[in-house]
C-alpha cells in the first residue's frame, strides 16, 4: 500500500504557515532546519535531504589505489594494445632512413603525452557531468547553462534539482559567460552544437564497429610467425570466430570482464614494458634521442609530404583515449590520473621505445610486418600471444559497453528510435546490453573483417573516427570553459589554439587518404546521423504541434462537466510527452469514449540533462480545475542514466508523492506567503502546547498519509484541550479531515485498478509540404516508428491494463 510506504519514509512533518515576519520555535529536541520557499501554490516541489555533491567525495588513498587497479583493466586495455599495429602500419612502405625511426618515435612520445595525458587525463576529465564523460556529457553540461535543447520542455523547477548546477552559476560580472550563453541560445548555434554532438556520437559508434576488428585481427596475425603455413583467409576466419564469440557473450553482462581480468591487463602492461626495456638494452640505446623534439623537425624535412601523410598512422598511438573520458562514471578523476601516469604512460612508452630499438637493427620489410611479435624474445611468444588476444578482447569490451550506453543516452534525447535496453547487473546500474545494437555491431565487424582482410585498410577507417572525435571534443571543451569554468580567457585561448591546430594537421593527413578507407566510417556515421536527425526533427515538430494545440482550461472544464461523461472506478494514467497543459488527444478520447476514471493523472516522462535525479525530486504535480474532478498533471523527471521502474513500482511511488502533494496543497492554500520547513530529525511525540506569535499559524508535526487525523480524538489524556487549541487555528480539523478524505479516495481508486492510457499519434506531413519533408515524415520516420519498440514495452506496462488512443497529426 502506498500509504504504508509513506509511513515508512517518515511519519511526521513540521509545517509552518507564516504571515509577514512572524515565526515560531521548534521543539527543544529538534534541530532547526532552514525554511524552503514554495515555488507556487499549485506545484509540488519537495526538497528532500540532498545527497552529497561531487563525483566520489573525499577518497582515501586505499580506495584510490583500488579504483586505479580496476581502471587499468577497463580503460587502459585499448591503449595498451595499440603497439600491436602502430609501427607496421606507419612503415608499411619501408624505412627510407634509419633516423626516420627516431623521428616517428619522437612523434609517438609527444603525441601520446599531449593528447592522452595533457588533454584528456589532466584537462578533459575535469569537464565531467557528475562523473560522466564523453561528448554526450559535454552537451548535457552545456545545456544546463544555456538553453540549447531544441525541444521546448524546459521548466524553471528543473534548475533546482540537486546537481543541476554543481559547477555553480557563472557570476554576473563574467561577461564572456553571459555573451556565450546568448550566442548559444540562437537557433543556428543550437543546431550546430546538436549537430556536433550527434556527429561525434555517430563516429564513436562507428569506431565500436572498427575497434574489435583492428585489435583482434592484429593479435591473431601474430600466429603467422610461429605457423607460417597459415593463409590470410585462415587468419581472417579465426578472427571472425573470436568476434562472434565475443559478441555472443555480451548478453551475460560482460562489463564484469573488466573487473575479473584487470590482472590480465596489468600483467600485459608490465610484460610489454619489460620487453621494451630488454629490446632497448639489447639493440640500440640511441633511440632515447627521440625525447629531443628536434628529430621531429628533421623527420619532416627529410620526408616532406610522405612524413605528413604518415601522421595518420601515428595517431593510432592514442586510439582508445576517448574511452578514458567516456567511461569516467565508474572511477574517480584521481584514480584515472594515478593509473595513467604511473602505469599506462611508462608501459606504453617503453614498448614503443623497445620496438624502435629493434627496428633500428632490423629495417627490412619482413621484420617491420608484425614488428611487435618479432621484437618479443622467442620463449615469451606464446604467453604474449595469448595475453594479446585476451587484452584485445578486454579493450574491445570498453568500446562496446560505450556503444550500449550511448544508444541508451540517445533515446533520452529523443534522437534514436526506441530499442531494447537491458540492465545486466542489479549492483551496477551502468551495465547495459541491447540485443539489436549487439547484433549490428557483430554483423558489421565481421563483414568489415571479411571484406578488408588486413589491418591496413581497417586502420585507415579507424583513424578518421579517432581524429574527428578529438576535434569535436576540443570544440565542446572550449565552449564549456567559456560558459561554465571560471578560467582566465588566455588559458582558454591557449588550449584551443594548441589542440585545434595540432588536431587539424592530423585531420588533414587522414583526409588526404580519404578514398583508401576513411569513407567507410563516414558512410556509417552518415546513416546513423540521418536516423538521428529524422527521428529528432519529427519529434520536435510533433511536440510543438501538441504545444500549440493544448486544450484550454475552459475547454477542460467543459469536458469534465459534460452530463454524458461517466466516471468509472479506478485511476487512469494518461501518458503524454507534453509538460505544459493538456494534450489535444484528451478531448479526442472523450469524444470517442465518453468515460473516464474517477482519478486521472496526465504523466509526462521527462529526461533532464543530468545523469541522475533523486526520487524525492522526481515528481512535479499540479491539479487541474475543477478540483472536485480529481484530475492532475504530473511531470516525472529522470536523469539520462536513470532506469525506468516497472509499471507497478512506478505507480506505488507516484501515489505516495501524489498524497504528499494533496496534503501540502491544502496546507499551502491556507495563507500566503507560505514557508515550509522540514525537521532534521524524526519526532514521535506531539508538541502542540506552544502557540504561534503574532499572525503565525502553526500545524506542527503534520501526519503523513499513513496516519489518520481522526486518530487524534482517540487519545484520552489532555487531547480535548489540544483539539480546542488546534481548532482556533486557520487549519481546522475539518480541513484536515478533508485532506485525509482526498488521500483515502486516491488510495481507494488505486485499489480499484489502474489503467495506462497511451496516445498512439501517427504523424504525416501537411499536403502542401515540399517533397523532401514528405519523404522524411511520411516514409523514413514512419518506417522507423513501425520498426521500433512500442511505448508500452519501454514502460513495462502490462497489456491487460493498457488502453491505446489513436490520432493523426499533420505537421
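From the backbone N, Cα and C atoms, a Cβ is placed for every residue, glycine too.
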Problem set entry | Same membrane side per Swiss-Prot: residue 250 vs residue 512 | no
For this session: Could you check which of 170-190, 191-211, 359-379 is flagged in Swiss-Prot as transmembrane segment?
Result: 191-211
Problem set entry | Long-range Cβ neighbours of the transmembrane segment (464-484) (under 8 Å; 6 or more residues past either end) | 115, 119, 123-124, 127, 135, 138-139, 141-142, 145-146, 167, 170, 176-177, 180-181, 184, 193, 196-197, 199-200, 203-204, 206-207, 210, 315-316, 318-319, 321-322, 325, 491-492, 495-496, 499-500, 503-504, 506-507, 510-511, 518, 521-522
For this session: Determine which residues of the chain contact the topological domain 'Extracellular' (460-463) at the Cβ level, with the cut-off under 8 Å and only residues 6 or more beyond its ends counted.
Result: 207, 210-211, 214, 312-313, 315-316, 319, 448, 510, 513, 516-518, 520-521
Problem set entry | Folded-back contacts onto the transmembrane segment (67-87), same chain, C-beta under 8 angstroms, at least six residues removed | 59, 104, 108, 116, 211, 214-215, 218-219, 222, 255, 258-259, 261-266, 268-269, 272, 313-314, 316-321, 323-324, 327, 330-332, 335-336, 338-340, 343-344, 347-348, 351-352, 355-356, 359, 368, 371-372, 388, 391-392, 394-399, 455, 459
Problem set entry | Leading contact stretch, 101-121, 191-211, 380-400, 489-509, 520-540 vs the transmembrane segment (229-249) - CB distance under 8 Å | 380-400
